[in-house]
Each structure stands twice: as C-alpha cells, then as structure tokens.
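Let me begin by presenting the structure, written as structure tokens, before commenting on it.
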Amino acid sequence: MGSQEVLGQAARLASSGLLLQVLFRLITFVLNAFILRFLSKEIVGVVNVRAPLGVFWSLFLGWVWLQLLEVPDPNVAPHYAAGVVLFGLSAVVELLGEPFWFLAQAHMFVKLKVTAESLSVILKSVLTVFLVLWLPHWGLYIFSLAQLFYTTVLVLCYVIYFTKLLGSPESTKLQTLPVSRISDLLPNITRNGAFINWKEAKLTWSFFKQSFLKQILTEGERYVMTFLNVLNFGDQGVYDIVNNLGSLVARLIFQPIEESFYVFFAKVLEREKDATLQKQEDIAVAAAVLEFLLKLALLSGLTITVFGFTYSQLALDIYGGAMLSSGSGPVLLRSYCLYVLLLAINGVTECFTFAAMSKEEVDRYNFVMLALSSSFLALSYLLTRWCGSVGFILANCFNMGIRITQSLCFIHRYYRRSPHRPLAGLRLSPVLLGAFALSGMVTAVSEVFLCCEQGWPARLAHIALGAFCLGATLGTAFLTETKLVHFLRTQLGVPRRTDKTT
C-alpha cells in the first residue's frame, strides 16, 4: 500500500471520526447540560473525579477507595462502595474489547468505529437521563450502571462485527487481516512452542511503561485531589465540569486527527531506520502531512484561546447556570483555553514522535516521562495550595510545554539530514496574527460592556460581534494559508471510494 493511499485512508478515518464526534458530542452536550440541573456539584465531583480513578486501579487497589480514602457523605453520594465496584467491573469489560479495537483501528474500519462508539455513547446518555429523572435516589448507581452499560454495548459491537466478518467467505478473499478466527485474539501457543513472543513482549512492555506514565500526566490532578484532599467535593465537581467543557473541542477535533494520523505515520515510516535510509517519497509525504497538521493544530488552538477567553463566562452561564458562571468557573475555563492550544500542538507532535521512535528511543523517553510525572504531581500540589483549582491547569500547561519541547527536538533531529522542514508549520503570517490580536481586543471590550449582567439583548449583541470577528479571522486564514486550504480540500473534501470492510 503506497503512502498516498495510506494518507487517503487516514484522512477519511479522521474526517469520519470528526463527524462522529460532532454528532454524539452535541447529543451528550445537551443531555449533560440537562442533567446538571438535577445534580449537586458534590456528586459530580465524586463521580467524575474519584470514581474514574477507581476504574484504573480497581483490579489491584480497589480496596483503597473503600477503606483508606475519605468516604463521601451517604446523603450527598449514596451507594459509593457499590459504585466503585461497578466502575471497576466496567474496566474489566472494556479490556476484553481492546484487541478488537486495535484490530479495527489498525485496518481503518471506519464504519465499525462510527457505529460502535456513537451507539454506545448515545445509549449511555439516554440511560443516565432516564435514571436521573425517575430514580434519583440511586445516587452513584446511576453513573456506574450507565458506564457498565456503555462498555458492554461497545465491546459487543466489535465482537459481533468481527465474529461475522471472520466467519464469512469475504474474509478469506481479502487476506489482509492478521487473524482468521476469533480465538486468534486470545492468548495461545506460538508455532515454535513458545507461549510468549519475547521480542514483541519487550516492545509491549516499553509502551506499557509509557502509557502508565502518560496516565499519571493525564490524570495527575485527579490523584492529587483524591489522595491529598486539596479541594472539597464541590470544588472538584466544578473543576471537572469546566475541564470537560474546555476539552470538548479538543475531543471533537484533535483526538480523531491524532488517532488517525498516528496510524498513517506508523504505516509510512520505519521505526528502526534513519530518515535518509527510507523511501524518500514516504519521508516527503510524512513531512508535508506533519507540517499541515501542525499548522491546523496551531490555528485551531489559537482560535479557541482568543475567542474562548472572552466567551467563557457566557458559555458557563448557558451550560450550567449560576453554579458554574459564578465563583472560580470563568477563571478556570479561561485558563483552560490556553491549555487547549498546547493540547492541540502536543497531540500532533506526539502522534508523529511515537510512530517514528525506535524501541530504544521509547525507553529513553520513558525516563523523561518518569521525571516529568514526579515534577508534575509536586507542581500540581504546590500550585493548587497557592492559587486554588487554577493551579491544576497551570501545572498541566507546564507538563504539556515540556512534552511539546521533547517532541519538537525529536522531529528536528529526525529531519535534520533531509531537505524537509515540517516544523515550519508552526509559523503563521503576520497578517493572520494581527487578525487574531485585533479580534481578541474587540471581543474583550465587548465582554466588558455587553456581558453578562446586561440581559439577553446585550448577550446576543456580544455573540454577534464575536461571530463577525471569528468570520473575519477565518477569512484571513483562508486567504493567507492557501497551502493548508488546498491540503484540507484534497484530503478531506473529496469523496473517496471505500472498500467493503470499512
């Protein structure tokens, strides 16, 4: 399969994933905004901050949540112990479906992913709304049962699909899948009689260590909240709601792109070879794609940062009412807008870095991640004691800045002996930067005079002015970044023939 064909499949997967994310995130956004009217911020803090950590550790440290940590007031969060157990059970169910997910992702089964994820998320949201309205006294049972239902539906979709596919004559004609029956995905003895392929096991161990450290870096603030009690359950609930709302665009746009183009880079590049020793056509295509992805991430992140800063309070007021728009909520969301910019850049740089690194480079990177994890946890605690929940976001910005620096250094070394310079994607034209700056100033003045205590006519005027500034900024980007526009048109805008497996 040529690099251009792989690029086409990755672009199709990214665009389909983007449409999927927009569809069910809009549905869940509306449902979650509705649910917030019926919940206290304390139970939101317990469910979204402490319980998901119980999923990760439940298999061998679940008793910590039940015996050593502070147990919430049963009147605030009833059925806490049972909820932790059910969250842990959902983790076990989801792990059973991981081999099927990796197989679908590696072979770019777009329709399968779209169907499975959209169906499971929508059904989970509907079940949550039903239980909140009709059985509110169930407490944590509501969210733990909804999570278990979500993972069960998701895994069943993949299992049913591959059971039918591998049992059909079509699978023997394709001969592209590395398995011929479902049992091949289970542990078994290899042809040479060994139970473990040690070469693959060592590589898997390297990625496991890396994933473990990324878990600490990604969810580190939840551990600090849980074990050190720097915030009460109410503040934890507000932080988590703002965190989910702030990362909404990141999940809508950046996550599908990162997942899909990681597959592209992994298929086009060879891990153990220097860039000068590989097919130069593939290296050139990878460099061009990386440059355009960096520019797209930078533009998206700047747009969110500039406009999100002046519309944070209004967004929180519309989404959750006074519970979110008063107090620390607006400051948290404004800080998160800056963090989203770093998230966007880091997602692209790391998807290339992890696809191109050799095993030895992955191991060296793990040591850096270990030091970064320790410093991140310490910094999270210190900054939170100093400036409250905003400290978690500032610590995340520091963490993300270090990770971006590591990835940029790797990319620079990877292409230093080639004529390609993909890091040029991080440069924008002065005209476009001026448009961002002017839009930021105009909307900041608009927020002072029109939002958010002046009533809905003033709010609508503030929204209209922001829409005009956004349109002008995007128009400037369209005129100045012509190469990026051409890339998006050719790779995402042209319909492509899809095979039957997708």
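The backbone N, Cα and C atoms fix where each Cβ goes, glycine too.
Listed in TrEMBL:
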TRANSMEM  18-39  transmembrane segment
TRANSMEM  51-68  transmembrane segment
TRANSMEM  80-104  transmembrane segment
TRANSMEM  116-135  transmembrane segment
TRANSMEM  141-163  transmembrane segment
TRANSMEM  283-311  transmembrane segment
TRANSMEM  331-355  transmembrane segment
TRANSMEM  367-384  transmembrane segment
TRANSMEM  390-411  transmembrane segment
TRANSMEM  431-450  transmembrane segment
TRANSMEM  456-479  transmembrane segment
* Mark yes when the transmembrane segment (80-104) and the transmembrane segment (456-479) have three or more Cβ pairs under 8 Å (sequence separation 6 or more) and no when they do not. => no
* **Folded-back contacts onto the transmembrane segment (283-311), same chain, C-beta under 8 angstroms, at least six residues removed** => 3-4, 7, 246, 249, 253-254, 257, 261, 264-265, 268-269, 275, 333-334, 336-338, 340-345, 347-349, 352, 411, 415, 418, 420-426, 428, 436, 439-440, 443-444, 446-447, 462-463, 466, 469-470, 473-474, 477, 481, 483-484, 487-488
* Asked: Under an 8 Å Cβ to Cβ limit, what residues of the same chain, 6 or more beyond the ends of the transmembrane segment (331-355), are close to it?
  -> 210, 238-239, 242-243, 245-247, 249-250, 253-255, 257-259, 261-262, 265-266, 269, 286, 290, 293-294, 296-298, 300-302, 304-305, 308-309, 312-313, 315-316, 362, 365, 389-390, 393-394, 396-397, 400-401, 403-404, 406-408, 410-411, 426
* Structure fact -> Near the transmembrane segment (390-411) in space but 6 or more residues beyond its ends, with Cβ under 8 Å, are 217, 220-221, 224-225, 239, 290, 328, 331-332, 335-336, 338-339, 342-343, 345-346, 349-350, 352-353, 356-357, 361, 365, 368, 372, 376, 379-380, 382-384, 422-423
